[in-house]
């Protein structure tokens, strides 16, 4: 038989007919004489093999595209049994709701499979790109895919549609994953770039991009990024292959770095990290596979090495995964899969499974832990027969792949009630500016890199008796003569709260400071902003009344403070801090008074109950050995006393109910509680505390009772006074065991004998102050609760989940009689409002119907629960303001900041008129377009701004939109200016280049390199007579650079002259 020239790849013959598979994709059925085609089936790829069934009723065939199917001859029907990738499978992702799996391969396809039927559901093909990473959204039918071009695309599987294309990367995507709560997506590439996306809406958008943070030399792989189970931490190998970095997931602020190469002291070669994986949340561990065939188990909070497993594989471990119950560990390497007992309780704690003919690229458990998926040369789906922890028998050395469900039995000590999982304590903290390129405005660094660093920092501190005495300075104000009081000795108690339960107190004894001053795991704890400048030693303030400059208005609120806003609803007194200034504002008229007494950032405020006295605290001034606490007379704004006692920062302050006492609380480095007499402001008692505490409050029922919250406990204090002597008795009441190792971060007294405390894992505890016992807890939020306010039968909680919630707690008093059996179901959530940042301060009226709330975004909100409204009262830049300038008519001013915003303010009302926000960039400089020669009109009001990515943007104020974006620089823009006629834009870069651009065409018409190598600091333009100075041109402009050079230029832009 002679065919038409089409290659036949396979042939099968039976007693009745012959089947052929050919290169054109056809399966053909012939009679034995090949007279004519009896039946044929077309495939999308060449047929590679055919086989007729023994009964001659069906023909099985395979194709070059990886499909397996059969032709049913009698009904003339074709059925596809299986589809597969043509090339190696590079990565996969499994989701548990719809039981689907997505895979990507070198054949340039993305495929979605049904895990139940094992059938292919979708097939996407990228013609000129290779998909190399894939991830399912945990709660929506959205699939994200990363490509070798650097593109990240998200698809809607429900609509079979492309949602968004992200172009933050320029090379192969090495990591792509969603946070388990579905709020964020992360991606990394081979160049070391890391991107954070918000996924709260269906179409994700970029929040932050960091360069050179993920290791470039760690090799490519599909799972370079790991997110903790509580969605709070992100881990990866970088910035070098020897270092593992842990970041806060929601902000990409660095929390911890661990150098892997120094952990093996006996090794002859530097060990590098390969892959990372988080253990389930309660364990708080991070697993790292290394190039020396080890798995290192690290404490995710401190970076300490918990244990190591060695050797794992003969070659490097290419992928690792831990089961949700924390009992089994999967590793891949040497073309095999190993299943490990995570606790390593046996002589041989692993089992080996073979099947792959090529290296295994990725391995993972399915969400229900009933299967294991591995990919490489093919997709392998393994039955995992070791049941999850809730249903498995006591530990024994069983084969998880051969374990039968029939042998399982119920645990004898299992409880019938569902166990509530306790979240890992929050590892985030609110914004703290840092000088490094990685630490931008975000959360403070919670972790130290080593204990040695902490101990070294303490070694130089001394505490001798003379210098340790508290000093009270009472300043002479106006013509009044006030007394200066210096206590003879500092009164301290050496007892820790745990040792002091018997009520003994020691006033004159001292205890050495705790060796470890590690910042607590609580955002509620204050840390001052990074400060690069100091006041000059020769600085002298002008005499009162003869100042040439007087502060007129302050725009902004310091969201880095803690409890740094006070409001008394009865008197209307309202005050907050901005840097070292206390702003007292009339809420009706908006007028401000400014109390200037601090030289450092104010950490916290406290107002007396009669609203006649305000206390404010800040860090140490130059030359002072102690922090400053100012006491202000509210009526006239005069500082009547300055107290110096705490060594580092003041964390919190509170007045007693009768305003007779003021208690001040030092931060985690100071660990001191001080009690002051508010009549004389003498120090009555000072007590050393063994552990950091976060907040303090006096009981509303007695001026003799107060409470503090700290690590895992509430400390109840009783003040006993006998004449001039004051003793403090203390009782430490630990938090309920069900909460696990938590920090109690906030507190407030409720009705009668109730005390409410919040935790860093989102619970609220209710305490009976008569018995000092916790009788009730409930899950109040997903994040740390840093603010609590109670009034009558309601409770307000604020957290770092940006939420403020109103609870109805009327039934709690009745439940107090039930003790530990009290049910949290009677606590009702009445209202909830989401704000723009972590809640750091709050003040409400007695009925909690209205109040004011402060956030880390630098905003003060007016909250009205009755109307369910939130109104911005005070709003400013979140962090450093980089430049400000006035409009030509001086009715407005414009400011820009490191938060990427450009804001226009009305100078008459000090109100925000319009704001332009650019994400993931810092705005470094700006300029207002000058008044044109023709009549001034609203349409010609424009502002130009320069950004850290080298772009400049022109904004129209009247139309409130960006009109033009240009990219004249390869580095950050450090200075920008309009020409005198407003027809040109001059911009200077960090590299010293000056670009001249036209806002009409968007083109850069000239680049001047006279200052190359030194950042441009100033650009300024003015008009001149055409022939002045012997050069032609109607404009004169100058440029200065940081190397102290100044260049002056004459230009005629219409004639393209610039010299």
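In case you wondered, yes, glycine gets a Cβ from its N, Cα and C as well.
No curator has checked TrEMBL annotations; they are predicted automatically.
Distant neighbours of the repeat 'WD' (82-123): 64-69, 129-139, 141, 143, 145, 157, 160, 222-223, 358, 361-362, 364, 366-368, 371, 373, 375-379, 381; these residues of the same chain sit at least 6 beyond its ends, with a Cβ under 8 Å from one of its Cβ atoms. Taken from TrEMBL, the feature repeat 'WD' applies to 82-123 (among others).
Annotation comment: TrEMBL describes 93-383 as domain 'WDR90/POC16 second beta-propeller'.
The region 'Disordered' annotation in TrEMBL covers 447-466 (among others).
Annotated region 'Disordered' per TrEMBL: 485-521 (among others), in sequence order.
Taken from TrEMBL, the feature compositional bias 'Polar residues' applies to 494-503.
According to TrEMBL, the domain 'EML-like first beta-propeller' annotation covers 591-810. If you take every residue in the domain 'EML-like first beta-propeller' (591-810) and average the pLDDT, you get 91.
Taken from TrEMBL, the feature repeat 'WD' covers 874-915 (among others). In the repeat 'WD' (874-915), helix, strand and coil residues by DSSP number 0 helix, 24 strand, 18 coil.
Annotated repeat 'WD' per TrEMBL: 966-1007 (among others), in sequence order.
For the repeat 'WD' (874-915), same-chain residues at least 6 beyond its ends with a Cβ under 8 Å from one of its own Cβ atoms are 431, 433, 440-441, 553, 555-557, 559, 576, 578, 585, 590, 837, 856-860, 921-928, 930-931, 936, 941, 943, 945, 947, 955, 957, 960.
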